[in-house]
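> Got a structure for you, written out below as structure tokens; questions coming shortly.
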């Protein structure tokens with residue numbers, strides 16, 4: 001019941017906003033969307049505590065069921081999605097969207113939330129795919145209609161890239177899912193995870209795992225399939241960037257854990273070294289790109305590629321620690337990137353562009369709140385102990401240093417060293433941004449500091465970054481049991 | 001021989017004659033056929049009462065739709081049968097769930113077409129022969145489409161197939177101008193070649209199996225004999241090629257954009273929906289006995305599917321006339337329709353039918369909107385942009401009903417939610433292919449799914465623009481009631497099947 005509430009309420013309000021309520025004022029639309037997302041958040045919190053299940057037939061001809069549940073792996077991501085769902089709606093309160101009707105903008109935000117929640121709830125492989133596709137069109141509308149107002153061609157290009165890359169990835173994933181279902185005879189993700197690929201030849205397992213990994217890697221994104229991400233982030237409106245970085249990318253890593261890692265572990269073991277190498281390349285590549293990138297929003301996007309590299313490395317190591325690290329880093333990156341995109345998006349609005357070469361007033365001097373939030377975000381992003389980013393990345397590198405028995409140890413140790421060097425790059429680019437944007441004495445041109453709804457959202461995210469950094473225990477405990485069922489109780 | 005026939009006839013259920021006869025099973029074919037004649041008679045008696053002609057047509061189709069229901073409710077193992085001969089020939093007319101669902105698709109799409117071409121609603125309307133001819137031709141072709149789905153013997157199969165095709169040529173020619181003539185000529189030439197191939201294929205089928213019935217037992221027997229096997233496979237390839245023309249599969253597709261662009265939009269919708277149902281229904285009748293026929297046919301269907309999808313999608317990507325875009329999209333979707341048949345297992349016939357019906361619903365909605373946008377009078381001062389994509393600028397906001405319906409149809413064709421029915425159809429079509437392990441074909445399908453997304457989102461992006469961005473606001477004053485009925489009918493089907501895809505897939509099994 002609570003699960004259905006958290007899905008139906010945002011979807012119903014979004015549909016109403018697109019049909020009957022097309023002409024409502026910005027305030028009304030925002031109020032409605034806020035109520036819907038708060039109800040969804042409350043329902044998700046209850047669902048995470050009570051852990052109910054839903055199981056209803058939908059398309060019996062395909063064996064497709066509305067099979068929804070919550071477990072330790074999906075719970076943190078559900079909470080993250082629901083909290084940010086409220087956050088992006090609140091953030092829009094003082095910023096009437098440009099480029100289309102406000103009702104459509106809010107409907108798109110709610111539909112993305114609906115699709116992401118459905119993806120994390122889904123316990124049927126085909127339903128997972130359908131939910132995975134739900135977010136595509138609303139996100140595409142957010143980018144092409146409501147994105148950067150300066151350049152229509154860039155919007156169309158970024159939106160097109162986003163939708164075509166991800167549609168390719170998800171259709172490839174569909175082929176993998178259909179092959180998996182054909183070989184194992186069930187599309188129930190829990191049964192698949194318990195079966196662990198028994199009875200499927202290793203060659204077939206490898207093929208299925210390769211298809212699933214390749215498809216999901218587009219969404220994560222893993223180097224070299226990441227080229228859709230920077231333009232999409234650069235042009236998307238702030239709320240869109242936040243959802244993209246904090247929610248949509250997580251759907252990719254979540255899918256990697258649920259599908260190849262849990263259902264065809266032997267096949268995944270064959271693919272894992274390649275994936276780990278690509279993850280490590282992503283860490284270095286993203287870091288290097290951040291060192292030379294001139295556009296601040298694009299820089300944060302590249303840093304996402306680097307952070308997702310750590311998640312991938314942890315996932316590939318095949319150990320309990322690695323998986324825990326990946327899930328932790330996943331959530332941490334969600335919070336940190338949401339914070340950074342809110343700050344950077346706000347700065348871009350105030351400056352008119354996000355070019356780092358233009359001389360501007362130092363944030364330290366003119367906007368202490370934004371400056372503080374930026375520094376917290378950057379520090380967390382470079383993995384400073386005591387902040388959210390530290391645990392995930394530290395544990396990922398540790399897991400790569402001592403991978404599972406069936407992984408090539410030499411390779412993984414090399415990758416651990418490479419990833420450690422990546423954190424040095426992260427420090428370098430974080431300092432570069434802090435030096436050009438935050439430090440200095442200039443006070444002209446003056447810009448307005450953060451206040452009202454924007455500051456509320458920022459404050460919550462800063463607190464979340466601190467909490468996750470100081471007390472990682474609850475989150476690690478939440479994922480712990482579910483991780484044990486996937487990789488066993490080994491360290 | 002005669003003695004044995006008579007002997008077995010005496011134990012057949014209807015002992016009064018050699019052939020059993022059940023009116024109610026044949027009714028979905030007979031009702032539109034009789035109505036076609038009735039409309040012509042009415043035209044002679046009362047030529048002025050054009051609305052009455054159209055009403056008779058609509059009522060006949062509604063009755064036909066109602067009469068397909070008993071067949072849909074049957075299971076696949078126990079179809080409604082009639083025209084049963086004494087064993088071993090079996091029944092000549094079998095309406096199982098798949099055949100009845102295809103009949104339903106044919107009759108329903110024809111109903112939408114008739115509503116769209118309601119007399120007096122299109123100001124550009126100057127069809128030759130008047131509305132009665134159009135109604136009668138649509139009904140005749142629909143009767144053929146409904147018949148070919150259930151026909152089981154070569155004779156009635158061929159007759160029904162041509163009955164479904166020939167009126168379509170006349171429908172294209174009805175407009176009477178130069179493009180219509182070119183389109184009709186292209187369609188006529190193609191149909192003749194296609195008929196020659198189908199007739200030759202049917203003859204070879206008869207030679208190889210020794211029976212004038214499409215029966216699995218006879219086909220299996222023929223496949224076991226190496227000499228007859230070759231003849232049977234040649235027959236299958238010829239039939240496939242002949243039907244490829246009608247389904248617009250590459251390389252037999254060339255007539256499609258010409259005929260669509262030359263015809264009026266309702267007739268183009270008829271070609272895109274009802275004719276395709278007839279063609280696929282005919283193909284399924286041929287393919288089902290061939291389950292287990294082996295590599296050459298499999299390879300043939302797979303190649304046709306891959307090439308059709310790719311070429312259709314790539315050319316649809318550069319069209320500016322929405323009708324031509326939908327024509328090339330038909331070519332691409334035809335590839336998707338036959339894709340599951342390349343696996344030739346139990347799932348594939350139903351998968352193919354399911355994909356086709358999903359496509360038919362979505363493409364009908366698109367054609368209804370295109371017809372309304374190009375034909376209804378505009379507010380004074382608005383430039384008539386005719387058939388260009390620019391005419392749709394900002395349609396979602398300028399006219400939410402039309403824009404929403406077209407948007408949902410395009411997303412369904414692209415296979416993206418909220419057009420869930422299109423997405424489920426892609427899952428249904430890919431499942432047999434992946435199950436059979438045809439990875440190369442699956443990869444081609446994946447690439448085409450992506451190009452398809454680009455094709456339809458290109459048009460969708462135009463709908464989504466600000467109405468003021470366009471060179472002229474496409475303000476549509478009012479939608480004629482019959483067209484509105486067509487829109488509501490097809491749109492409701494699209495929404496209902498998107499929310500509950502089982503409504504569509506449940507018809508087939």
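Glycine too: its Cβ is placed from the backbone N, Cα and C atoms.
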> Identify the transmembrane segment range according to TrEMBL, selecting from B:186-207, B:208-229.
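My reading of TrEMBL: the transmembrane segment range is B:186-207.
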> Honestly, do the transmembrane segment (B:230-255) and the transmembrane segment (B:130-150) touch, with at least three Cβ pairs under 8 Å and pairs 6 or more apart in sequence?
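No, these stretches are not in contact.
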> Under an 8 Å Cβ to Cβ limit, what residues of the same chain, 6 or more beyond the ends of the transmembrane segment (B:52-73), are close to it?
24-25, 27-28, 31-32, 34-35, 38-39, 42-43, 46, 79-80, 95-97, 99-101, 103-104, 107-108, 110-111, 114-115, 118-119, 131-132, 135-136, 138-139, 142, 146, 150, 507
> Are there residues at least 6 beyond the ends of the transmembrane segment (B:297-318) whose Cβ is under 8 Å from a Cβ of it, and what are they?
233, 236-237, 240, 244, 248-251, 253, 290, 325, 328-336, 338-339, 341-344, 438, 441, 444-445, 447-448, 451-452, 454-455, 458
> Given the transmembrane segment (B:24-45), which of the listed stretches B:98-118, B:130-150, B:267-291 has the most Cβ pairs that are under 8 Å apart from it?
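The stretch I would name here is B:130-150.
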> Might you confirm whether the transmembrane segment (B:156-174) is in contact with the transmembrane segment (B:482-504), defined here as three or more C-beta pairs under 8 A between residues 6 or more apart in sequence?
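Contact criterion not met.
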> Output the single range from B:98-118, B:130-150, B:156-174, B:436-461 maximising the number of Cβ pairs under 8 Å to the transmembrane segment (B:356-374).
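Result: B:98-118.
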> Within the same chain, where does the transmembrane segment (B:130-150) have neighbours whose Cβ lies under 8 angstroms from its own Cβ atoms, ignoring anything closer than 6 residues to its ends? I mean 6 or more beyond.
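Result: 28-30, 32-33, 35-37, 39-40, 42-43, 47, 50, 53-54, 56-57, 60-61, 64, 68, 71, 93-95, 99-100, 102-103, 106-107, 110, 113-114, 117, 119, 156-157, 159-168, 170-171, 174, 270, 274-275, 277-278, 281-282, 284-285.
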> Take the transmembrane segment (B:156-174) and find every residue of the same chain, 6 or more past its ends, with a Cβ under 8 Å from one of its Cβ atoms.
29, 92-93, 127-129, 133-134, 137-138, 140-145, 147-148, 180-181, 183-184, 187-188, 191, 194-195, 198-199, 202, 214, 246, 259, 262-264, 267, 270-271, 274-275, 278-279, 282, 285
